[in-house]
Each structure stands twice: as structure tokens, then as C-alpha cells.
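Among the features that Swiss-Prot reports, [4Fe-4S] cluster binding site is placed at C66, C157, C288, with the record citing sequence analysis. What Swiss-Prot lists as dimethylallyl diphosphate binding site is H96, H185, S317, S318, N319, S380. The isopentenyl diphosphate binding site annotation in Swiss-Prot covers H96, H185, S317, S318, N319, S380, and the record cites sequence analysis as its basis. Taken from Swiss-Prot, the feature (2E)-4-hydroxy-3-methylbut-2-enyl diphosphate binding site applies to H96, H185, T250, S317, S318, N319, S380, supported by sequence analysis. Residues or ranges marked as active site, proton donor by Swiss-Prot: E187.
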Amino acid sequence: MDTQAFRRSLHHSDRYNRRGFDSPTKRAQALEEAYQSDLISSIRDNGFTYTKGRLNIKLAQAFGFCWGVERAVAMAYETRRHYPNENIWITNEIIHNPSVNDHLRKMNVKFISAKNGIKDFSLVSNGDVVILPAFGATVQEMKLLHEKGCHIIDTTCPWVSKVWHTVEKHKKHVFTSIIHGKFKHEETLATSSFAGKYLVVLDLEEANYVSEYILGKGNRNEFMNKFSKAFSNGFDPDKDLDRVGVANQTTMLKSETEEIGKVFERTMLKKFGPENLNSHFLAFNTICDATEERQDAMFSLVDEDLDILVVIGGFNSSNTTHLQEIAITKNISSFHIDTPERISVKENSIFHKPLGSELELKKNFLPSGKINVGITSGASTPDKVVADVIEKLIDIAS
């Protein structure tokens with residue numbers, strides 16, 4: 001499929017909307033009423049610090065809702081107001097935040113069900129309204145919904161769309177897209193659907209493994225087994241890794257994405273020489289500004305004198321998970337929670353998710369005496385949720 005041609009035709013359809021329905025001013029007011037917090041605003045104005053009794057709170061200087069998330073959430077709410085009686089569907093979670101998704105369910109927005117990773121669109125009918133989430137949707141899903149006669153409300157973050165343009169450029173010039181991401185993540189599934197040949201690498205370790213293979217030091221069967229769910233149909237590592245371009249899932253760790261780009265640039269330089277580098281490697285710049293800002297702020301926060309650190313965001317949120325990883329590199333006692341309800345004031349306990357593990361209960365997690373607590377949140381977490389967490393910490397400390 002010519003994905004660029006399809007997207008152009010879709011954008012000209014009278015059943016497609018990527019601008020929403022309200023003015024920017026009205027949209028900002030609605031979000032402020034729903035999700036902003038006077039407490040958080042006050043802490044921002046006070047240099048991102050807040051002291052109450054023995055508790056000293058230090059907020060990251062960039063956290064919470066990014067503008068892409070704000071736009072997606074606002075457009076989803078506007079859609080229900082604009083279509084008060086129609087069937088409204090959404091192809092996935094609008095963002096990785098349980099409270100926001102629960103609110104959409106209360107507005108009678110239906111979530112497309114999936115079994116074994118395959119979505120069931122059989123109940124979606126002609127004239128229904130379908131919201132595409134901030135992560136985007138695969139080009140095959142868009143085509144199916146358009147052919148069904150649905151009204152498509154596209155809340156895809158423009159930074160994600162930028163990555164789609166990048167992999168389409170790779171395809172046009174017959175380069176294989178090396179996508180730094182999680183192959184099951186909604187955003188990476190969408191991005192890979194716009195690519196030609198592609199290979200998804202999770203981290204620097206996998207990138208180095210691929211690099212070694214390109215330089216003739218790997219085993220084909222082992223390679224194919226290792227990446228069996230992470231490459232395009234018909235992918236041949238002996239042919240399709242001679243010309244590569246790098247792209248990324250926008251919520252991945254910025255520093256790792258940059259290093260992966262350098263790995264493949266050095267690999268192609270070594271294999272083909274400097275005079276042929278541009279014929280075998282395409283440079284990239286698909287790192288999201290908001291992701292970069294939040295990760296940079298987290299690196300600054302973990303350099304503070306902290307006793308514990310609380311990271312707030314959906315457990316399936318990639319950008320939140322990477323914030324947790326940064327805390328771990330500094331050996332700070334950190335706790336990843338998705339809602340304030342994970343904290344029990346009465347028990348001084350927290351039900352949290354250690355990186356790569358199942359949920360576990362930590363009792364007496366807030367130490368006695370004066371305590372410095374660092375707090376940050378993922379790009380899908382509203383300020384009100386952060387404020388509710390702080391209020392619980394204050395109640396425990398008092």
C-alpha cells in the first residue's frame with residue numbers, strides 16, 4: 001500500500017478530523033477545570049519545592065501532561081459533546097492513564113476489544129465515530145475504518161506522525177527502518193505499519209547484537225529466532241541490513257535512542273567506508289521534545305538529596321517506566337504507582353510496581369524524621385493526580 005497516498009486522501013475526507021471541535025482557549029479552560037491543581041501551581045511558583053512539617057517535597061521541573069496528551073484528551077472529550085447520541089469507539093486507551101480512560105468509559109465511549117493482540121472491529125458500523133488515540137493507529141486500521149464509513153477523529157500526537165514521515169522516507173529510498181521501541185507497543189505497531197522493511201530493537205544490547213550480525217559475526221537462525229516478532233514480513237537480515245535508517249518510539253529513553261543511532265552509524269562506516277556512508281545510513285531526529293524535557297528534569301531531580309522518590313503514571317506507560325529507570329541508576333529508593341489509591345495513609349504503606357516485576361506492598365515506606373521526597377509523573381498523568389499523592393504523603397507525615 002502507498003501509505004503516503006492513503007493518508008493524503010484520508011486527510012481530505014469529510015469524515016476525517018484531526019483538529020477537534022473547540023477553540024484552543026476553550027480547550028485549555030476545559031482541561032484546566034478537569035485536571036489542574038492549585039497545589040501543583042503553587043509548588044511550581046515556589047521553585048518546584050514544598051515543605052509541610054517534616055516533609056520536604058521536590059518536584060521535577062518538567063512532569064505530567066505534555067501538550068500532545070492534552071490535545072488528545074481534550075479532543076476525545078470534545079468528540080462526545082459534538083456527537084452526543086452517536087456510537088463512539090476508541091481503538092485503544094487514549095493515553096496510558098487509568099483515571100482518564102475510566103472517565104471516557106463513563107462518557108459511554110466504547111473501547112475496541114482485542115484477543116491475542118487482534119482487535120475486533122465487527123461491532124463498528126457505518127456512521128459510527130471512531131477516535132484514534134495519542135499513540136496513533138496502524139494504517140490498516142485507518143483503512144478499515146474509512147471503508148466502513150466511520151467518522152474518524154485522529155488525536156495522534158504530531159511527534160508520532162513525524163516518526164511516520166521518517167519511516168516513509170526510509171521506505172521511499174529503500175532503507176530498512178531500525179525502530180528503537182517495544183514491538184508490542186501501540187505506537188511502534190502504528191509506526192511499523194507505515195514502514196517498508198523494518199526491525200524493532202528494544203535497547204542498546206539488541207542494537208549491538210544487530211551490529212555484530214551486520215559485520216558478519218552472527219548466526220542467522222539465532223537472529224531470526226531472537227527477533228521473530230520484531231521484523232517485517234519477508235525480512236532477510238543478510239540483504240535488508242545493508243541500508244538502514246533509525247527511528248524511535250517517541251517515549252523511549254532519549255540517551256539510549258541517540259546511542260543506538262551512533263551504533264548503526266559506526267557499523268555502516270566500518271562496513272562500507274566513509275565515502276559510502278550516506279548510501280547505507282540515514283541520520284534521524286525523531287526524539288520527542290516533551291519526552292526529552294521530562295527525562296532531563298528527572299536526571300536533575302535524582303541529583304538532589306532525596307530519601308525516596310515517587311514516580312506516578314500508568315504501569316503500561318513507556319515514558320513513565322523510563323523515568324523509573326533513571327531513579328534506579330542512582331540507587332534511590334523509588335516507587336512507581338499509577339493512582340493515589342496505591343498509598344494507604346492508615347498503614348503508611350504503598351502498593352507499587354518495581355521495574356520489571358509484579359506489584360508488591362511496601363509497609364512503613366515513609367521513614368520517620370525529616371524526609372526529602374522527590375516526585376515526578378509521566379506525560380499521561382494529570383496534575384490533580386500528583387496533588388492527591390502529595391496530600392496523602394502529607395497526611396502520613398503528620
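Backbone N, Cα and C define each Cβ position, glycine as well.
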Looking only at Cβ atoms, how many others are within 10 Å of the one on N319 (dimethylallyl diphosphate binding site)?
26
Shell of the [4Fe-4S] cluster site beyond C66, C157, C288, same chain only (C-beta within 8 angstroms of their C-beta centre):
W67, G68, V69, A134, P158, W159, V160, T250, T251, D289, A290, T291, A379
List the Cα distance (Å, whole number) between H185 (dimethylallyl diphosphate binding site) and C288 ([4Fe-4S] cluster binding site).
16
Of all the binding-site residues given, T250, S317, S318, S380, which residue's CB has the most CB neighbours within 10 A?
S380
Where the distance is taken from Cα to Cα, which of the binding-site residues C66, T250, C288 turns out closest to S318 (dimethylallyl diphosphate binding site)?
T250
What kind of secondary structure is C288 ([4Fe-4S] cluster binding site) part of, going by DSSP in three states?
coil
Given the binding-site residues C157, T250, C288, find the one whose Cα is closest in space to the Cα of S317 (dimethylallyl diphosphate binding site).
T250
From the Cα of S380 (dimethylallyl diphosphate binding site) across to the Cα of C157 ([4Fe-4S] cluster binding site), what is the distance in angstrom?
12
Given a separation of at least six residues and a C-beta threshold under 8 Å, show me what packs close to C66 ([4Fe-4S] cluster binding site) in the same chain.
C288, A290, T291, R294, A379
Spatial neighbours of T250 ((2E)-4-hydroxy-3-methylbut-2-enyl diphosphate binding site), counting only the recorded positions H96, E187, N319, S380 and Cα distances within 10 Å:
E187, N319
Where's the emptiest Cβ shell within 10 Å among the binding-site residues H96, H185?
H185
